[in-house]
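Data first, discussion second: the structure below is written as structure tokens.
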Amino acid sequence: MTGLGVRSSSYGSLEKTGLNGVVLPIQITTTTRTKPSKMQKDREGIVHWICKFAGRKKVGMLLLFLISAVVFLRVLYVGKGEDSQEGQGPPSLHFNGSSGVNYSNMLQTNEELNMNIGNISFKAKEVIVFPPPPIHFLGYSLPQGHPCNSFTLPPPPADRKRTGPRPCPVCYLPVEEAVALMPNAPSFSPVLKNLTYIYEEPLNRETEFGGSDFGGYPTLKHRNDSFDIKETMSVHCGFVKGPQPGRNTGFDIDEADLLEMKQCRGIVVASAVFDAFDDVKAPQNISKYAEETVCFYMFVDEETESILKRERGLDGNKKVGIWRVVVVHNLPYSDGRRNGKVPKLLVHRMFPNARYSLWIDGKLELVVDPYQILERFLWRKNATFAISRHYKRFDVLVEAEANKAAGKYDNASIDFQVDFYKNEGLTPYSVAKLPITSDVPEGCVILREHVPISNLFTCLWFNEVDRFTSRDQISFSTVRDKIAAKTNWTVSMFLDCERRNFVVQRYHRAEQERFARQRPPVPNFPPPPPSPPPPVLISSDLPRKMSSGRATPPRRRGRDRRSGQRGHRKANLPVRLPDSA
């Protein structure tokens, strides 16, 4: 066998015998068909067996099913592996010089697998568990059969001597029921969720027209942008000189008063008297619970403070009745009417933690409990802003002419404001605006909830008053309609006679003094001396003694004389005797 190759067990390869019996491997590439292994024969037999009992179509469907199952299991396995390796880099493939891939570094031990499963479940909890949605007040209805559900206004009394506006009945709930119905959650604010306020340092005074150092000088572009309602907004809203209202911003308030105002977290009743224009009027019919829980704040200037000290005994406790008197320094305007617009429209900035506010002008006297008022006109209506409409006028154009006729403001300024609104689309009021019942409010009373959308409304309303005239009745409908065009929010307007039910209008201080001067003084005469005793016979009913000695009967009055004559005529009637029959 010298010179012949020895067949080895390497599936047909030959070994070359070298010198000294050393066998050298010879790598020969052959094209001859190798003998199939036993395992391969078994697989081929299974395939032939399947093909024998099933047709080609069924075999194809079976293979397609198997391939789909393999792909599905593979995707499931890969997806699970990605979840378990979240937060880590992608696994790298390591080659150690062999023809295969080493997956040993990619396999996980049981401990690692359990740890990853725990992490996966924890992360799944984080994804599934969301914070609860904000809870909003959705309104309520009084129980069926409640008297207020069927309450209707009676017709006005027919009094020709009194033709002006007058109060009408209102169906209030008892104080205890009104307190129980106070909402525990804020009302929904459409579109607007976050509202912040602009302050400028230094102050930019460049604008087209209008504005002030207190309210800022927003341009017309800023004005238009403020009516584009978004989820988050930042607008001018007074106090532009600093981030804290009342601290070196104009309309400055003592620090002790500011701290007390921050503690008001429920209802605040606010009013103001500047330039000693009115007397401070004590609220009436206020429940003990309201006195303890409602904040009553009266804002005055230094002139009014001096009068209160002299006439009402205002001292260090800063109280006049249930009013807490707050003295305002560094007033931003020379016109007292403009200064009064600050607490009237920006009360939410001065009381940042209050939920509800009731504003009444200084000329008014509150005569109904605040809880009853808010329940009737705000909570029961599911409204966030309520104001009474004017008792007579519904059209802004008519209201502007009435202001000009009464000399309420400079006529040229009123005309300029009305023309500006007309160019923006202001039209006379008509039934086409229903359910809006009026374009002219009676702004001496404002009921509101401090939510973002109502706060925005009063901010933009104040900006109009700051830019144009101080007659807020003229700018009210423009601001309301611009906000309503972007949201489904609007203002609730109730009857003027209903407003007159819970506030009583008094005369201004100057009018009271004028009436006092016109009233004639009462003469201070000494008391008259006592009258002498009457004579014995002075009555005309007693018989009078005549000179002849005869007594004449007393003179009869007209009625007695007529009755006597009737009796005499009856006596002269003929009498029919029985014999004459």
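Cβ coordinates come from backbone N, Cα and C, glycine included.
Summarising the annotation, Swiss-Prot assigns topological domain 'Cytoplasmic' to 1-58 and lists a curator's inference as the type of evidence.
According to Swiss-Prot, the transmembrane segment annotation covers 59-79, on the basis of sequence analysis.
According to Swiss-Prot, the topological domain 'Lumenal' annotation covers 80-581, on the basis of a curator's inference. On the 0 to 100 pLDDT scale, the model's mean across the topological domain 'Lumenal' (80-581) is 84.
Look at Swiss-Prot and you will find Asn96 (among others) tagged as N-linked glycosylation site, backed by sequence analysis.
Here Swiss-Prot flags Asn102 (among others) as N-linked glycosylation site, drawing on sequence analysis.
Taken from Swiss-Prot, the feature N-linked glycosylation site covers Asn119 (among others), and the record attributes it to sequence analysis.
The feature N-linked glycosylation site is assigned by Swiss-Prot to Asn194 (among others). The local packing around Asn194 (N-linked glycosylation site), expressed as other Cβ atoms within 10 Å of its Cβ over all shown chains, amounts to 11.
Taken from Swiss-Prot, the feature N-linked glycosylation site covers Asn224 (among others), and the record attributes it to sequence analysis. When secondary structure is read from DSSP and collapsed to three states, Asn224 (N-linked glycosylation site) falls in the helix class.
The annotation N-linked glycosylation site is assigned in Swiss-Prot to Asn285 (among others). DSSP assigns Asn285 (N-linked glycosylation site) to coil, not to a helix or a strand. Note: Asn285 (N-linked glycosylation site) has non-local neighbours Val367, Val368, Asp369, i.e. same-chain residues 6+ apart with C-beta under 8 A of its own C-beta.
Under the heading N-linked glycosylation site, Swiss-Prot lists Asn382 (among others), citing sequence analysis as support. In the three-state DSSP scheme, Asn382 (N-linked glycosylation site) is classed as coil. For Asn382 (N-linked glycosylation site), applying a Cβ distance below 8 Å and a minimum sequence separation of six or more within one chain yields Phe137, Leu138, Gly139, Tyr140, Ser187.
Taken from Swiss-Prot, the feature N-linked glycosylation site covers Asn411 (among others). Every protein chain considered, the tally of other Cβ atoms within 10 Å of the Cβ of Asn411 (N-linked glycosylation site) stands at 14.
Other Cβ atoms within 10 Å of the Cβ of Asn488 (N-linked glycosylation site) number 7 in total over all chains. Here Swiss-Prot flags Asn488 (among others) as N-linked glycosylation site.
Per Swiss-Prot, region 'Disordered' is recorded for 514-581.
Feature annotation from Swiss-Prot assigns compositional bias 'Pro residues' to 520-536.
Marked as compositional bias 'Basic residues' by Swiss-Prot: 553-571.
Cβ neighbours within 10 Å of Asn224 (N-linked glycosylation site), excluding its own Cβ and spanning all shown chains: 12. Between the C-alpha atoms of Asn224 (N-linked glycosylation site) and Asn194 (N-linked glycosylation site), the distance comes to 19 Å.
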